[in-house]
Each structure stands twice: as structure tokens, then as C-alpha cells.
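Asker: Heads up, here are the entries from Swiss-Prot:
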DOMAIN    5-70  domain 'J'
ZN_FING   134-212  zinc finger
BINDING   Cys147, Cys150, Cys200, Cys203  Zn(2+) 1 binding site
REPEAT    147-154  repeat 'CXXCXGXG motif'
BINDING   Cys164, Cys167, Cys186, Cys189  Zn(2+) 2 binding site
REPEAT    164-171  repeat 'CXXCXGXG motif'
REPEAT    186-193  repeat 'CXXCXGXG motif'
REPEAT    200-207  repeat 'CXXCXGXG motif'
Amino acid sequence: MSKRDYYEVLGAAKDASAQDLKKAYRRLAMKYHPDRNPDDKEALAKFKEAKEAYEVLADEQKRAAYDQFGHAGVNGQGGGPGAGAGAGGFGDIFGDIFGDIFGGAGGGGGRRGPSRGADLRYTLELSLEQAVRGCDEKIRIPTWDSCDVCHGSGAKEGSQPVTCTTCGGVGQVRMQQGFFTVQQACPTCKGEGKIIKDPCGNCGGQGRVQNTKTLSVKIPAGVDTGDRIRLAGEGEAGVHGAPSGDLYVQVAVREHDIFQRDGDNLYCEVPISFVDATLGGELDVPTLNGKVKLKVPAETQSGKLFRLRGKGVAPVRGGAPGDLLCKVVIETPVKLSSEQKELLRKFQESLESGGNRHNPRKNNWFEGVKRFFDTK
């Protein structure tokens, strides 16, 4: 039987935030947890299905692969129904979601410790040329940096954090509620197991300070709007020396005056005179790497597409470049002199004297209109 869509399993939108996904998984896991549904095989199957979906969508890289390629993009990366199906197989993910609810049931009964820094997101606007060729860009990010005075510990110089007496350094306290042992973060130390009695004067005991830092971002050739670049450890600094989060740079490519992009292909409109369209000729067509010659055959109609192979965009993950699609647009002459207008009238008369052979499309259209009204 084919797998259900992971977003459908969790009942979440495809653009759901990490917090929304966590809430959705928590709700389902509470409902179908084996402790609440003993000997219920259907509930266990749904619990495993929700766990598998959340394992993938909670991981930024796995989620990106799933969004692009579906289940094929995350096959073999864990999270299958058979992986960790035993009583101890719910592991880290279950402990992360339910460590503060079910005491030890999910293997997450250890001390939580200081919180990892938050991930940051930054939208970087690029020109089409920058996106196609790649570039190095400098960006400025307002963030939390590790405190230089206490080196992230949060404690005043010469002092150390002390063990929390409420939880004995475990970071969690337990309470009995009916059939369940409820395990919660210690309210005194906020789950860290340590208390800072003499806080650092520079950071107020947080171990981090607000700052604006400048980063250099290497943009690979071929990126497009919506692509993300992950800079590991460049997010917010964690509290009390915890690891920093990551920075995700979101690419946004500005509109171009000439080209439109569709995947690896480029599209542009090429204006030509009706003389060139009628008699044929050669035109200079712009590409991102300079001009090329485009041969226009005689009797070319407006709207005709010409494909210049290999003149598009090289894929960001390697491979042959796309194509440049040139749409010919016949331009009507303007600001004509009296003499030019007279020449055109004579030219029109010569066309009409030749019967239908000079304008077959026009005559076919009028014939179609005539048949349409004749049937009314």
C-alpha cells in the first residue's frame, strides 16, 4: 500500500512552521500513544505513521528533499514503519516532544540542558545574472552572539553555575496524575539543571548579547527564487553556552528587463520589422553571455518561437544548460511620412490584386466568421 502524504498524516499545511508541525505531531501522539491504547494495533500503526512523518518534516534537509521529490527523496533516511518499531524505538524524537509529559516512556527522561539557539532566516535579493553565474554576497544579520566576557556561561568571572537544588541537577521534576507519571521541566532552573547565582554583568546571565554580524555567503551558480542556503552554526547563539542555531538564506531573484526564467530555460521577446519577417534575415539576440545571431526565415509570423539550445541556465546541481526561447513580435511602424504611407497603400493594393494567396490566415479567419454567422 502506498504511503500517505506526510503533511496529510499530520493534518498540517505544506507551509506549516516547525512549531505548527510539532503541535500537530504532539496532538496525534497523545491520541494514539500505546500507553493510552493498550493492545490496539490500529492506534499503534497510526502512532508510528505520525512519528515517521514528523521525523522527516522536523528535519530541514529531509523536509526540503521531501517537498521536492516526495517519498522518493527521503527513502533510506530513517523514519520507515519498521525503523524503531519496538518499545524502545521511539527514541530521541519522542523524548523531544513528550519529555515533559510522559516520564521516561519515550526514552527522553534525561536532563534537557541549555536551549539551542534559534534558527534565523534571511531573504537575499539577487539579479538574474548573479543567480545564473553565482556570486559572493555580504549580508548583515541582527542576532544574538556569545558573550565575550563570560564566554557563553552566563556566570560572573571567577564564579561557576551551581547545581539546582529543586531537581538535583536533573532539570526535570515528576508528578503523578492518575495512571500517568507527568514529567516537566524544573520551574527553578528551566530544565537546565544549573542555576547562576552570580550572573555576568555584560550579558545579565544569559551568556549571549545582541549584535549585528556581517557574513559572506557563497551563492552557487544556477540558484532560483525559493532556493535556500544553510549556514550551519550562524544562527542565534544558545543560552548559557548551548550550540548556536543555523542561518537559512532564502534566494529571491529580481525581475529582469529582458528575460523571464522558467526552471533552466530563459524566455524573451524579440521585436522585428514586418520587412524582416516577410523577407527573412539575421538578428542579434541577447543572451546572458553576449549576443548571438538568430536566422529568421522568410514569411515568419508574429508569435513564432525560436529555440536556442544551451543558451539558458545551467542547473545548480550540474548538468546541461537549458535553452533560450525567443518569441518573434512583429512591430508595426509608427510616425510614417506621407510618402511612406502612400507606398504602403500601393503595396496593400498589390497584395489584394493577388487574391487570397498572400494572406491565407486572414482569409481563413474571415471564412470561419462567415460560416459562424451563417449557422445562426
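Glycine too: its Cβ is placed from the backbone N, Cα and C atoms.
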Asker: Near the repeat 'CXXCXGXG motif' (200-207), which same-chain residues lie under 8 Å Cβ to Cβ, leaving out any that are not at least 6 residues past its ends?
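Answerer: Those are 114, 146-150, 152-157, 237-241, in sequence order.
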Asker: Can you name the far-off residues of the same chain, 6+ from the ends of the repeat 'CXXCXGXG motif' (147-154), with a Cβ under 8 Å from a Cβ of it?
Answerer: 160-161, 196, 199-203, 205-209, 237-241
Asker: Whole-number Å only: compute the distance from the Cα of Cys203 (Zn(2+) 1 binding site) to the Cα of Cys167 (Zn(2+) 2 binding site).
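Answerer: It is 25 Å, counting Cα to Cα.
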Asker: Distance between Cys200 (Zn(2+) 1 binding site) and Cys164 (Zn(2+) 2 binding site) at the Cα atoms, whole Å?
Answerer: 18
Asker: On the three-state reduction of DSSP, what should I expect for Cys167 (Zn(2+) 2 binding site)?
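Answerer: For Cys167 (Zn(2+) 2 binding site) - judged by DSSP and reduced to three states - the answer is coil.
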Asker: Would you kindly list the residues that approach the repeat 'CXXCXGXG motif' (186-193) from elsewhere in its chain, counting only those six or more residues past its ends and only Cβ-Cβ distances under 8 Å?
Answerer: 111-114, 163-167, 169-173, 240
Asker: Quick one: Cα separation, Cys186 (Zn(2+) 2 binding site) versus Cys150 (Zn(2+) 1 binding site), in Å?
Answerer: 24
Asker: Could you state the CA-to-CA distance between Cys164 (Zn(2+) 2 binding site) and Cys147 (Zn(2+) 1 binding site) to the nearest Å?
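Answerer: Cys164 (Zn(2+) 2 binding site) and Cys147 (Zn(2+) 1 binding site) have their Cα atoms 23 Å apart.
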Asker: Give the sequence-ordered set of same-chain residues, not counting Cys147, Cys150, Cys200, Cys203, with Cβ within 8 Å of the centre of the Cβ atoms defining the Zn(2+) 1 site.
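Answerer: Checked against the 8 Å cutoff, the neighbours are Asp148, Val149, His151, Gly152, Ser153, Gly154, Ala155, Pro199, Gly201, Asn202, Gly204, Gly205, Gln206, Gly207, Arg208, Val209.
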Asker: Given a separation of at least six residues and a C-beta threshold under 8 Å, show me what packs close to Cys147 (Zn(2+) 1 binding site) in the same chain.
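Answerer: Those within reach of Cys147 (Zn(2+) 1 binding site), by Cβ under 8 Å and sequence separation of 6 or more, are Gly154, Cys200, Asn202, Cys203, Gln206, Gly207, Arg208, Val209.
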